[in-house]
Structures are given as C-alpha cells and as structure tokens.
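For reference, the structure discussed in these notes is given below.
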Amino acid sequence: KLLGHLCYTVTGVALIGTLTGHLFFCWIGDKLGRKKAYSVSLTLTIICAICSDLSLDASKETVVKTLCFFRFWLGLGIGGDYPISAVIMSKYSNKNTHGAFIVAVYAMQGVRIIFTRLVPMMLSGIFLHFYPTAPFKDDPIVSTQPKTDYLWRSLIMLGVLAYFMLWASIVLIILSI
C-alpha cells in the first residue's frame, strides 16, 4: 500500500501525463491525422496499463519508480483519448446525428466514472468476503493485506480489456472504410 507522499506522487505523475497528452495529441492529430493519433493514443494506453500492472519488485522504491514512469505514459495516452475522440465523433457524424454523437461521447465519460467507482467497490466486497480482516479503525496495520495487490492489478487489467475492445473496434471501423 502506498502511503502519503508516495500515493500523491503516483497520482500527480499520471495527471501531469494526462495534461501533456491533451496538448501533445491535439498537436499530433493536426499534423499526422486524427485517426493515426487516436490509434497511437489507444495503443500507448493499453501498453502502459499492462506495464503498470506488471511493475513488480521486492523493494517499494523500485515499484514506485516504475509505476511513476508507466503512469506518466499511461496518462499521456488517456490525455490523448479525451480530445481526439470528441473531434473524431464530430468530424465523421452526419448532420442528422451530429448532436447525438457528441452527447454520447460526453455521456460515456459519465458512465465511465460510474463504473470506475462501482466495479472496485464490488470487487472489494468480494475480496473482503474471501479474505476477512480487522477494520482499519481497529488496526491499520493488520487491515492492509498483502493480497490486495492482486485486487488493484485485476482492476487495471479490466480497464485494459475495455480499452482493447475499443481499440479493436476502431481498427475494424478503419479497415472497413
């Protein structure tokens, strides 16, 4: 478990990557084309999420360093996903469905937020059912189990699966055009 400044560092690095991704992929989208930039953004997101998930080592310092490295690049990919997806939907929709597609892009962000809160709560409940422990307020040390490492790694891989399905559908759409 990452405590204090380590948790903030890993989160902050991801947010800096996201901001950088917004700026970088908008520029790349204008230079190389939005489809290529979106494909690169999704591929980068998938690869760096898998690498974040596989950041294993005996020392906490090494894990935090590799997490920070891959979380920055993961944030970069996610940062490219947001603006380019909206522009692609706007560009390739017809006049009759233009507004509905733009609303759908932004509505999916809300759905994503709901699921990124709901799925971890459900999996945590299942995890606590199989590995009961003392409440945090009673004993902070005992309540943090080493097996929770598998839980957050499983959550990352679920996100990878969702991005991979999106990536596959984009590739199929591009190949069919």
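Quick reminder: no glycine exception, Cβ is built from N, Cα and C everywhere.
What TrEMBL says about this protein:
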type: DOMAIN; residues: 1-177; note: domain 'Major facilitator superfamily (MFS) profile'
type: TRANSMEM; residues: 6-28; note: transmembrane segment
type: TRANSMEM; residues: 70-89; note: transmembrane segment
type: TRANSMEM; residues: 101-130; note: transmembrane segment
type: TRANSMEM; residues: 150-175; note: transmembrane segment
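Residues 36-37, 40-41, 60, 64, 67-68, 71-84 of the same chain lie 6 or more positions beyond the ends of the transmembrane segment (6-28) yet place their CB under 8 Å from a CB of it. For the transmembrane segment (70-89), the residues of the chain that approach it from at least six positions outside its boundaries are 10, 13-26, 28-29, 34-35, 37-38, 40-46, 48-49, 51-52, 55, 101-102, 104-106, 109, judged by C-beta separation under 8 angstroms. Remote same-chain partners of the transmembrane segment (101-130), defined as residues 6 or more beyond its termini with a Cβ less than 8 Å from a stretch Cβ, comprise 82, 85-86, 89-90, 93, 147-148, 151, 154-155, 158-159. Along the domain 'Major facilitator superfamily (MFS) profile' (1-177), the predicted structure has mean pLDDT 84.
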